[in-house]
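Database features (TrEMBL):
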{"type": "DOMAIN", "residues": "1-377", "note": "domain 'Major facilitator superfamily (MFS) profile'"}
{"type": "SIGNAL", "residues": "1-29", "note": "signal peptide"}
{"type": "TRANSMEM", "residues": "45-65", "note": "transmembrane segment"}
{"type": "TRANSMEM", "residues": "72-93", "note": "transmembrane segment"}
{"type": "TRANSMEM", "residues": "99-120", "note": "transmembrane segment"}
{"type": "TRANSMEM", "residues": "132-153", "note": "transmembrane segment"}
{"type": "TRANSMEM", "residues": "159-176", "note": "transmembrane segment"}
{"type": "TRANSMEM", "residues": "197-220", "note": "transmembrane segment"}
{"type": "TRANSMEM", "residues": "232-251", "note": "transmembrane segment"}
{"type": "TRANSMEM", "residues": "258-277", "note": "transmembrane segment"}
{"type": "TRANSMEM", "residues": "283-305", "note": "transmembrane segment"}
{"type": "TRANSMEM", "residues": "317-338", "note": "transmembrane segment"}
{"type": "TRANSMEM", "residues": "353-374", "note": "transmembrane segment"}
Amino acid sequence: MNKHLIKAAILSISILTVMAGAAVSPALADIQAAFPNSSETTIKLILTLPSLFIIPFTFISSYLTKKIAKKTIVLIGISFYVAGGGLAASIEWLLVCRAVLGIGVGFLMPISTSLVSDFFDGRERTAVMGQVSASNNLGGIILFLSSGLLAAISWRVTFSVYLVALVVALIVVCFLPKRSPETIPIGTTLSPLPKKVYMLGGGLFFLILAFYSIPANMALFIHEEGIGSSQMAGIIIAIATATGLVAGIVLNKVNQLLNAYVIPIQLFLMAAGFLLVGFSSHLAFLAAGVACMGFGFGIIMPIVFDRVTREVPRIQVVQAMALVTSLLFLGQFASPIILDGIGMIANQPSIRFIYQFVGTAMLIVSLAYLFIVYRVKNHSYLKEEES
């Protein structure tokens, strides 16, 4: 069993997952122009509708791991993924295709992370989780840059980016071992998932709700402000995933350096990025802002996934990951609905206000989190001194 080849297969699956729905976001303004009778919220459904279908199929994927091999589930997921990237003549059929894409990602997502705990342990597992996050972002870079370039030809051609899944299918067939389905030993009673798993999933829901405002809004924001094209939107969004890629690579070092402060400091960095985007109109500042957001998100997400896998026995990892990833994609789906709704309530419908609001809210949360961690660590230190 060659662990390097297994890792290559796992990481290739990860390329297809988190940002799959957002892959065509650089072409969003062009799609809106092609369907002028559709509302802005309907156009944004092109990005978010897959998330709604991902959620139930993560649980179906989790259930199927007890019946068939994970490798088979991955190949089923890739089949739906490729089919969901098909072309459509109307906005209605386009949304149907997006739903099919969501089904494919739903099959893939919990498997891509649970495979890490199947083959790796200890610090190596944390490191590979970081590499999985890096691969998520590498996939984003490939998809965003490619779709930005293809959008210059036609928004329809943009959807061909999903054919990259055929290459992943070949890697999986060649290098991922086919193990028997997971079985629960007779007499074993599984405990309910710990409350901490739900807390981690809830935190990830709000994090992705904020972060997804980048792919959901950036192309429209750049068009609205008159500061760039679809290709430029693709580059700006890809910068967020590029810094997320770097974050995944250096995850272990950052985690060891910042220790308990790692999450609040990354939240603070993301808040700074949102505020930079929200209060500037220059592409250089937009790039710097999304870079901060991407790095912070790229550190936090794999840490959450790693902690989830450590909270449950191995037999329940897929179940726990199905719950957490469903909350992640629920956050993706809810992002434009909630954030646009906040803008309407505040009578501030501009995308700029959304970034300003998210940045301010995240700044408050990061400072509160930082204060709590400081108090807890300081209290623990004083107790050690007294003893």
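Don't overthink the numbers, they just go from 1 along the chain as shown.
Just so it is clear, glycine is given a Cβ too, placed from its N, Cα and C backbone atoms.
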Practice item. Any chance you could find the range in 99-120, 197-220, 258-277, 317-338, 353-374 with the most Cβ pairs under 8 Å to the transmembrane segment (159-176)? Key: 99-120
Check your understanding: Are there at least 3 C-beta pairs under 8 angstroms linking the transmembrane segment (232-251) and the transmembrane segment (132-153), leaving out pairs fewer than 6 apart in sequence?
Key -> yes
Exercise for review: Verify whether three or more Cβ pairs under 8 angstroms connect the transmembrane segment (317-338) with the transmembrane segment (197-220), leaving out any pair fewer than 6 apart in sequence.
Suggested key: yes
Check your understanding: Over the domain 'Major facilitator superfamily (MFS) profile' (1-377), what does the predicted model average in pLDDT?
Key -> 87
